[in-house]
């Protein structure tokens, strides 16, 4: 390439500038001649170098932008012909919404309510008279229900009686005594009757039937060598020995009681005989 021949990359062969694809080369000639003309041997990459003098590439920085946060006083309609005024909010309403106090509610005012609290209407009916007779009837009803262990299903509660209330109109009630709840387990008194007397033996205690075995018990032989079966056999044999020892002890105690009773009988007879001799002298 000679030094007098301009660069082929400086101009687009299609007739468009590399900076603007919608405009032709003829329209950009006047703009390019006013800014900077391409020199001989200049490549196409030099066209994309950003310079401070290029007004097309220069952009506004964020420092040049101004943001206006003020609320507009008017609003324009979509047709841009009429201007609609925006209503201003009351300062008291704004402060009530953004207040940090948890005791106040922005939608209601409690100053007027607190002053006239005595004039409020009661939610309950205070005109019902409560007398001491009503409370005494209620106490008796409570005592009767506590004394009965099993309440029948068809029991009807009287609707005319009143429960005791803390506020009484006639008089102040004395403190009611505490009612002791009966124990769930009631000990039954054992009365000795004819049936019980018939079950007593000659020693004055309850008789029991002693089973007399004609054949002694067979020895326990484990069925297998299973450890559980062996342990079960040993436990059964130990229980038999324990019952045998208990029966032997009971037999010995009965014999001892009979011996003591016979001695007591002889001693009483001896005392009676001696008293008789002393009385004769």
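Note: Cβ is positioned from N, Cα and C throughout, glycine not excepted.
Taken verbatim from Swiss-Prot:
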- 225-281: domain 'bZIP' (DOMAIN)
- 17: phosphoserine (MOD_RES)
- 165: phosphothreonine (MOD_RES)
- 218: phosphoserine (MOD_RES)
- 89-100: region 'Required for transcriptional activation' (REGION)
- 106-125: region 'Required for transcriptional activation' (REGION)
- 217-248: region 'Disordered' (REGION)
- 231-251: region 'Basic motif' (REGION)
- 253-274: region 'Leucine-zipper' (REGION)
- 167-200: motif 'Nuclear localization signal' (MOTIF)
- 231-249: motif 'Nuclear localization signal' (MOTIF)
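Counted within 10 Å of its Cβ, the other Cβ atoms near residue 218 (phosphoserine) come to 6, all protein chains included. Secondary structure counts, DSSP: the domain 'bZIP' (225-281) has 54 helix, 0 strand, 3 coil.
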